[in-house]
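Here is the structure we will look at.
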Amino acid sequence: WRTPLVILCPETMLLSGSSKPCGDAGGVHSIIQADAASRRGLIQALCGTGTAPQMMSQKKIGLVAIATPLWFLTVYLAMSAMRPDYAHTDQAISELGSLDAPNLWAWNVLGYILPGFAVALLGIGLRREFMGRGLRANGPAMALVAAGLLMALSGAFPANMADFKSTTTLLHTVGSFGCYIAFLVAGFWLPSLFRKVNSWRWAATPSLALVIASIFTGFLRFAGMASIGQRITFLCFFLWVGLVGWALWRASSSSAPHNNSSKPKPLRGSA
């Protein structure tokens, strides 16, 4: 009596509805081995215990994050230098890419969208890193991914400085504020994971300090320099990205296997 193998032999998983006798031990054994190998590969790709061929390595993701603050600063200085009328102390950073700005798409793509994608990539790298160590990292990692994508969104919809109620301005505002809120979620959550891993413990305090500093600097107001506080907040944000990227690069450069415990392992042959 032949019946679909999916019903009587579930350990072989789906066989696209084909019918095979369960008594064929050799064929079933080879199928089980192939399926086990495919499961291991899938788990490694999803949980970060291995590097999927189509994904960047952890070290490269760390390097991208390290380079992101320098990239943003270079683009900011270059684009602002092209506008003699631009005032660093009184105008918002997003005004470099507002609808009335020259070269607005150069700024929005290079200054917002690409750095946003780099931040989202860092979130993916952190998820792989900590889930590979058996830690629950979905929440803070996905918050960082959201922060990066929302930053890119703010660049895709330039603000209309003449009409703050326009659709593009509202979407730009959603992207900007959403990015910062998601960053705060990730920034306050991740240090608890950093402290659980020996190679990451050093990054917990400085990363948290940068998050807290970004909040206080956002409220700073100087006479005749209304936008200085915003620039210090951006500085804290990108320093945080570079710091966490460096931590990811260092952790990935270590030859030691993933191990969250600081307890020494017993010697071989000991009871």
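Backbone N, Cα and C atoms are what each Cβ position is placed from, and that goes for glycine too.
The transmembrane segment annotation in TrEMBL covers 61-79 (among others). Beyond its flanks by at least six residues, the transmembrane segment (61-79) meets 93, 96, 103, 106-107, 110-111, 114-115, 118-119, 121-122, 124-125, 234, 238-239, 241-242, 244-250, 252 of its own chain at Cβ-Cβ distances under 8 Å.
Look at TrEMBL and you will find 104-126 (among others) tagged as transmembrane segment.
If you look up TrEMBL, you'll see 138-157 (among others) marked as transmembrane segment.
The transmembrane segment annotation in TrEMBL covers 169-190 (among others). Long-range contacts of the transmembrane segment (169-190) within its own chain (CB-CB distance under 8 A, at least 6 residues past either end) are made by residues 94, 116, 123, 126, 139-141, 143-144, 146-148, 150-160, 163, 207-208, 210-211, 214-215, 237, 240, 244.
Within the same chain, residues 89, 180, 183-184, 187-188, 190-192, 194-195, 228-230, 232-233, 235-237, 239-240, 243-244, 247 sit at least 6 positions outside the transmembrane segment (202-222) and bring their C-beta atoms closer than 8 Å to a C-beta of that stretch. Residues annotated as transmembrane segment in TrEMBL: 202-222 (among others).
According to TrEMBL, the transmembrane segment annotation covers 228-249 (among others). If one looks beyond the transmembrane segment (228-249) by at least 6 residues along the same chain, the residues whose Cβ comes under 8 Å of a Cβ in the stretch are 58-59, 61-66, 68-70, 72-73, 88-89, 92-93, 115, 118-119, 122, 125-126, 129, 180, 183, 187, 190, 194, 200, 202-203, 206-207, 210-211, 213-214, 217-222.
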